[in-house]
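These notes are about the structure you will find just below.
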Amino acid sequence: MNKRLNKQPSTAGLRLGGDTLEVAAMTALLIGSIGLFSLLAPGFLTATNFGSMSMQLPELGLLSLAMLLPIISGGLNLSVTFTANIAGLMTAWLVQGLLAGMGILSVPMAIIAGLAVGAAAGFLIGVIVAYVGAHPILVSLGAMIFLQGVGEFLTRGGGMSGMPEVFQTIGSGSFLGIPIPMLIFLAAAAGLIYIMHFTRTGFSIYMLGSNPRATEYSGINVKRVLITVYTISGILAGLAGMVMLARFNSVRVGHGESYLLITVLACFLAGANPFGGFGRVLPLVLGLMSLQVIASGMNLMGASQHLATAVWGAFLIIVMALRMPFIKQS
Amino acid sequence: MGDIAIRARHVSKIFGQSRVLDDVEFELRRGEVLCLAGENGCGKSTLIKIINGVYTPEEGVELSFGDETLSAISPIEARNRGIHVIWQDLALFPHLTVAENIVFDDYVAKPWRPISYKDALTQSREIIQQFGLDLDPMARVEDLSIAHRQLVAICRVLRAGASIIFMDEPTASLTYKEVQTLLGITRSLAAKGISIVLVSHRLVEVLEVCQRVTVLRNGKLVGTYPTEGMTQARLSTLMTGLELEFTPRAETHKGAPVLELKNLSREGEFENVSFTLHRGEILGLTGLLGAGRTEIAHTIFGMTQPTSGQLLKEGQPLTLNSNRDAVHHRIAYLSEDRLNLGLVQNQSINMNTAVTVLPRLEKPRFFLSPQRIKALTVHWIEQLKTKVSDAELAVSSLSGGNQQRIALAKWLATEPEVLILDCPTIGVDVGAKAGIFDIIRNLADQGMAIILISDEAGEIWMNADRALVLRDGRIYSEVIPAETTEEALEAIINA
């Protein structure tokens with residue numbers, strides 16, 4: 001990043017113009033991985049494969065977006081996967097029970113209620129982080145175990161399935177050739193980019209992530225910003241819950257649990273600072289796409305899914321190692 | 001005296017494209033206290049690092065140590081010749097005891113020998129007694145004050161056989177009394193034949209204790225002068241190359257009252273503080289560290305709430321529940337701790353400038369325009385003549401003086417009527433200080449009411465129309481700088 005010292009003041013967007021390096025790196029990664037598997041994996045460059053990739057990506061994608069915001073604010077939200085489950089449970093329960101007689105109108109209402117549950121879970125974490133001052137890792141770890149326990153208690157370890165047909169339409173339908181879950185993910189990412197770069201909430205989250213005390217001394221309501229961070233995180237996790245519910249036509253507590261640490265990995269892969277203050281949505285989206293390309297490509301080559309996970313881990317280490325010289329210079 | 005301890009000639013050092021030191025000559029006598037003065041970046045540290053062997057100088061250098069002349073020196077040779085440097089961070093081991101820190105060099109020199117705590121104790125006691133210091137060898141370093149840690153660092157180099165000690169900004173974070181003690185110790189070390197080089201920003205002290213002062217500017221030697229007959233003003237001029245004025249503000253500029261404190265108290269911090277601040281006035285708030293200066297500022301800025309008494313703005317009682325209320329009422333506060341509280345160091349200059357006025361910039365609601373943020377920064381960078389190459393860079397990339405201008409800009413952007421400046425020139429070069437004083441005076445001339453907090457008598461004397469001296473959380477006396485001398489003000493502060 002040393003080169004930036006000699007750079008002319010950029011005329012593009014504020015922070016959008018700043019970290020071009022991360023975007024360039026992630027784009028190179030994406031193009032590189034697509035190129036590699038086009039050569040190696042038979043059937044990679046087919047519409048079917050791209051369709052199935054964009055079907056699988058949104059769950060992990062939405063959960064990663066839910067993880068990114070707390071990381072930028074200098075924290076972590078370990079409860080994203082179980083928040084998604086609980087939100088899904090709420091929706092499923094309403095659709096099959098309370099709102100069952102209301103016909104088509106029940107679906108949007110149940111979805112809104114599910115997202116509200118996600119928001120509430122995030123809001124509570126935010127309130128505790130802001131007012132008690134406990135470390136977000138501890139608070140969200142507690143919330144994660146709590147939500148897991150509540151969910152397992154309510155479902156007695158089983159699941160709920162058999163959603164109305166609308167959910168299948170959402171889960172496997174497509175619009176203009178793009179699967180609906182992918183559209184939901186892209187819309188969420190676009191919304192998040194807007195919040196982070198064009199609202200004072202986003203501005204405050206970056207400042208707070210670097211130095212909460214100096215931000216408070218500047219007259220920013222740090223507590224309110226923290227609560228907003230975790231509430232948005234909860235809503236995004238809830239959205240992930242909706243997508244999972246629609247895609248599998250069922251909900252089970254523990255579904256997507258293995259995604260948790262991968263969301264953290266994706267955020268760091270995309271250049272988010274583990275100590276807060278830095279991290280952007282666009283590189284994260286590109287990074288997630290690369291991870292999906294690797295997984296699908298290896299799958300087509302007949303490798304086990306577990307091997308793909310191992311490759312992801314190795315990937316993070318390599319990218320970190322390549323990035324270190326730049327971090328040290330700046 | 002008179003005997004030469006070190007003479008370095010034709011010292012040059014080039015880093016990349018820039019010539020950090022250019023044919024500098026440096027001479028230190030035995031048993032002398034010498035001051036090495038100059039602004040940040042003038043090459044002081046580089047010179048020290050060449051003499052103690054860390055950096056290799058360019059060709060042509062002559063280093064003579066009385067008997068022998070070398071063209072280069074390694075760190076180990078430097079140590080063997082008794083050259084030691086005490087850096088500002090002291091490099092002590094906080095979890096170890098004083099004794100262990102003092103004898104630590106033995107552990108390094110003879111790593112195979114088992115450690116004897118008894119020997120460590122006796123040997124460090126010897127050193128402490130020999131120089132008549134007030135130190136408990138059993139204490140842990142982390143429990144000591146900065147002043148005492150400094151003594152530990154001194155003992156450590158003495159024990160290692162130091163005959164030439166460089167001290168980098170030793171007085172930077174000490175109180176007045178501690179500074180006096182330290183300077184006393186410096187004198188007694190010199191009396192025992194040890195040569196000492198003090199690197200310091202505080203000119204008053206320098207003139208008091210040193211026999212000679214060597215001034216560097218932009219990597220070149222300005223000269224070496226006896227301190228006898230040297231004034232602070234002349235030394236500043238030598239360091240900066242600028243003629244700086246050292247006079248109090250010409251006349252008092254009182255406008256209408258803006259802010260009034262009526263018997264304001266906050267338990268455990270300050271008691272019955274009353275004063276009225278007028279438009280166009282610079283009110284000095286001074287006193288020793290811990291006298292309650294910053295605490296009063298925090299309460300006026302709404303960060304803490306008073307336990308009794310009243311705060312009035314333009315005659316109206318003011319209740320501030322947070323600093324956001326204070327900003328709303330046009331009160332701004334520049335923190336003394338620029339590193340941790342004043343600025344978000346890792347974030348950009350743009351963001352640091354705009355952070356205080358986000359509601360105003362976010363128009364329409366939910367649209368914070370990057371263009372408007374940049375325009376704001378450009379405006380203030382020009383207004384305050386800040387040297388910024390790219391406002392998207394982290395604020396930490398700026399020098400102390402320019403950082404302080406950004407910290408000022410972010411508060412001036414809120415268009416305050418009352419501006420509280422808590423030690424606005426901390427860690428700022430002499431030259432840049434004058435620039436900041438100019439800004440402050442101009443703001444007051446335009447009608448802003450300013451509270452200037454500082455523990456440097458000179459700063460208050462030069463800028464304030466009126467100075468309140470605090471002691472133990474109470475106003476102890478009121479001084480009009482124009483009617484007194486800087487020395488008299490200094491005496492009142494330290495009385």
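Glycine residues also receive a Cβ, built from the backbone N, Cα and C atoms like all the rest.
TrEMBL: automatically predicted annotations, no manual curation.
TrEMBL lists A:21-45, A:65-95, A:107-131, A:137-154, A:175-197, A:225-246, A:258-275, A:281-300, A:307-327 with the feature transmembrane segment.
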Legend entry - Beyond the flanks of the transmembrane segment (A:225-246) by at least 6 residues, Cβ under 8 Å: 58-59, 62-63, 65-67, 69-70, 73, 75, 77, 79-81, 83-88, 91-92, 111, 114-123, 125-127, 129-130, 136, 163, 167-168, 170-171, 181, 184-185, 188, 192, 195, 201, 204-205, 208, 255-256
Legend entry - Segment-segment contact (the transmembrane segment (A:258-275); the transmembrane segment (A:137-154)) at 3 or more Cβ pairs under 8 Å: no
Inset, instruction - Could you name the stretch, out of A:137-154, A:175-197, A:281-300, A:307-327, with the greatest number of CB pairs under 8 A to the transmembrane segment (A:21-45)? - result: A:281-300
Inset, instruction - With a Cβ cut-off under 8 Å, give me the same-chain residues at least six positions beyond the ends of the transmembrane segment (A:281-300) that come close to it. - result: 19, 22-23, 25-27, 29-30, 33-34, 36-37, 40-44, 49, 52-53, 56-57, 60-61, 64-65, 68, 186, 189, 192-193, 196, 262, 266-267, 269-272, 307-308, 311-312, 315
